[in-house]
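What Swiss-Prot annotates here:
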- CYS274: active site, nucleophile (ACT_SITE)
- 8-13, ASP33, ARG38, 86-90, 127-128, GLU163, 274-277, ARG344: NAD(+) binding site (BINDING)
- 159-163, 218-225, 258-271, 336-337, ARG449: substrate binding site (BINDING)
- SER395: phosphoserine (MOD_RES)
Amino acid sequence: MVKICCIGAGYVGGPTMAVIALKCPDVEVVVVDISAPRIEGWNSERLPIYEPGLDDVVRQCRGRNLFFSTDVERHVADAGIVFVSVNTPTKTRGLGAGKAADLTYWESAARIIADVSRSDKIVVEKSTVPVKTAEAIEKILAHNSKGGNIRYQILSNPEFLAEGTAIQDLFSPDRVLIGGRETPEGRAAVAALKSIYARWVPDDRIITTNLWSAELSKLAANAFLAQRISSVNAISALCEATGADVTEVANSIGKDSRIGPRFLSASVGFGGSCFQKDILNLVYICECYGLPEVANYWHQVIRINDYQKSRFVNRVVSSMFNTVAGKKVAVLGFAFKKDTGDTRETPAIDVCKGLVGDKAVVSIYDPQVTEEQVQRDLVMNKFDWDHPRHLQPMSPSSAKHVAVSWDAYEAARGAHAVCILTEWDEFRRLDYQRMYDAMHKPAFLFDGRNVVDPDKLRRIGFVVYSIGKPLDHWLRDMPAVA
């Protein structure tokens, strides 16, 4: 029986290996992680991550040919194919801090592989890494191998999953990308991994390239997607200034077959573990290769995203008589997108910090985010979310300004304003009349995801702001915001 081991039981490693186990019942798949609580979660009825459809896949395979373990060394030693799906966060200090990828976890994984391997291995980069990482990993493996004349083949097999649809993306991917060395051994390794995916992925969707093309393709894909979001968000600011409707503009340009409609929804900004991190990594790589114009081009995608978040906060404050001090603001949604509990780099963090910084009292509701997670996120510094550190509790002054509710109506009770920051479907179905009746007047609603009908809410009595939509008379009369 072929044995696959995956180092890293997070948002990528867990779902990916579960689907491989489901589609390849004759392959033994073991997911390993040094975090005992995380592995306990994968072995329990309540998985450590929320992803639609994941529970069912794990339930079918776990204990049959899918296993989760903290015994990293044993399972790495036994496997013929080792996926590495560890975090590659942005560096917080030292050379490249604030841009470069921190490969500490990747290097640690490579050293474990070298230390315990007693047979040839195919090592698969599943994490997003800088171009030429495979070359560095080859050197680490070659100089640290304890098992004699062991041969390693490094492959790049980046993930292209979207949280909230990860299982669907794995079942029916747009493409599977496999990059390897252009040698007989490298081509054989590519063929071996391709044979795994070929169990359920059509041949024309499995793309093979050289290593460097595969590594760069992942960074480029995320940069292009984030670029579309920042582009439509930039247009949303112009729409508000001119009276145009960003939804109509996006629909119009999306009908152009050369552009297409996806990733053209204006919002308070993009978040998640990948977009910002990968673009900053791309910026750093461009700078290292002496391409400052290219670096500046991609850095502007991040700058527009930051601008969109600060613009939203400024709109809230300026609309409410230029002060939110002591006013309750209900925040609906804290995850970076619907159908996930992931809060990494969520725009809600910056919005909530901005409101609290102006002395607002913030009441947060999200159906998949715990109070512990909210408080943890709001005390973190930028780029800290994937770095181990001793977290300090929220300061007493900040804590009294932040509360977490498990009900949208309770969050809005007694509030002066509601901010919608995640596009959860349930927010489209709320009884906004009931919510309005329990709020201070004038009652404001700031829709950062364009999930509600602004005209309907205005008829109820709300003062409504929707990203990129024509401003109502109240907002037009308020001072302009940057």
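Glycine residues also receive a Cβ, built from the backbone N, Cα and C atoms like all the rest.
Keep in mind that what you see is a predicted model, and the values were worked out from it rather than measured.
If you take the CA of LYS337 (substrate binding site) and look 10 A around it, the binding-site residues you hit from GLY8, ASP33, ASN87, GLU163 are GLU163. In the three-state DSSP scheme, TYR11 (NAD(+) binding site) falls into the coil class. The 10 Å shell around the Cβ of THR90 (NAD(+) binding site) contains 24 further Cβ atoms across the protein chains shown. Within 10 Å of the C-beta atom of SER265 (substrate binding site) sit 20 other C-beta atoms, taking all shown protein chains into account. A distance of 25 Å separates the Cα atom of GLY8 (NAD(+) binding site) from that of LEU225 (substrate binding site).
Non-local contacts of GLN276 (NAD(+) binding site) by the CB criterion (under 8 A, 6+ apart in sequence, same chain) comprise THR90, ALA226, PHE270, ILE302, ASN305, GLU345. Between the recorded positions ALA221, LEU225, CYS274, CYS274 has the most other Cβ atoms inside 10 Å of its own Cβ, all protein chains included.
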